[in-house]
Amino acid sequence: MLSSNASLGPPAFFLTGFPGLEKFHIWISIPICSMYLVAITGNCTILFMIKTDPTLHEPMYYFLSMLALSDLGLSSATLPAVLSVLWFNHRPIHFDACLVQMYFIHTFSILESGILLSMAFDRLVAIRNPLRYTSVLTNDTIIKIGVGVALRAAFFVFPASFLLKRMQYGRTNVLSYPFCLHQDILKVVRSDRRLSSIYGLMVVLSSMAVDSVLLMASYIMILKTVLSIASKVERLRTLNTCVSHICAVVTFYTPMIGLSMIRRYGESAPPVVHILMANVYLLVPPLMNPIVYSVKTKQIRTRIVKNFWKDKGSMEAS
């Protein structure tokens, strides 16, 4: 029996923690909460370093600050719902709140994909045309790129929320994860879902799929330029400037592909595996990006070490 949102009110949605492991939710929440805290602290540190250190006011670090903001947004969109399920077993979520959370999760995911592509363009210009680097990537250009990728993400996802709002659902709808994802909400739709499903696929193809193709094309061009450098030392030095970005790309796309594959071909896998992959997809990039850039980027690493010793010296003096 179909239930209409208009006539019977909004349907009831319930999030899911780790089925069969409910009595261990508190223990499971400890590593998950710790990773969230590290992700939030790390990205805030990156933003603070870039803002306060004039030597980091360069295009590469401006894009890095955009990536950190995107990671903070993604963490903030998922953390409250995850902890409410794991700590308090509070599973109900209002239909509109679920759509809002879904909107922000997918918006920040597409935004991160666009920022990673922008950072690839930054590396491409820096390696192929180093003399024109600052003239091509001016502050105005960086602002336009940032606004462009943000608007693309915001406008792409909005119709998906609108389409889901017009769908019909049962009175009780149990989702598969401790947060709301578009493909998961579609599973509980009781009316024709083809239009919403096709639109979701088109959004993925026109954003993340296109971004991944352009990313590969950018690195093919970068690799051709690097291989044309005569000195082996210079080749390695040039490639080393891309290591952090490559790690960020791998960290972002690998969990996403893994989640897509297990949803499509892993129907027989236990629900816990699906939930674990979904948490990895949303948690690992915000966690790893500040760690990778802090370790591999000399300027940021040096700045963090200086601040640490400065604070330690101040404490000893007092």
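Glycine is no exception: its Cβ is also placed from the backbone N, Cα and C atoms.
Feature annotations, courtesy of TrEMBL:
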DOMAIN    42-293  domain 'G-protein coupled receptors family 1 profile'
TRANSMEM  24-50  transmembrane segment
TRANSMEM  62-88  transmembrane segment
TRANSMEM  100-121  transmembrane segment
TRANSMEM  142-164  transmembrane segment
TRANSMEM  198-222  transmembrane segment
TRANSMEM  242-262  transmembrane segment
TRANSMEM  274-293  transmembrane segment
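Stretch with the most C-beta contacts under 8 angstroms to the transmembrane segment (100-121), considering only 62-88, 242-262, 274-293: 62-88. Within the chain carrying the transmembrane segment (242-262), a Cβ under 8 angstroms from the stretch's Cβ atoms is held by residues 67, 109, 112-113, 116, 119-120, 123, 127, 208, 212, 215, 219, 222, 269, 273-274, 277-278, 280-281, 284-285, 288-289, 292-293, 296-297, all 6 or more beyond its ends.
Sequence-distant contacts of the transmembrane segment (142-164) (same chain, six or more residues past either end, CB-CB distance under 8 Å): 59, 62-63, 66, 99-100, 102-103, 106-108, 110-111, 114-115, 117-118, 121, 182, 185-186, 189, 195-196, 199-200, 203, 206-207.
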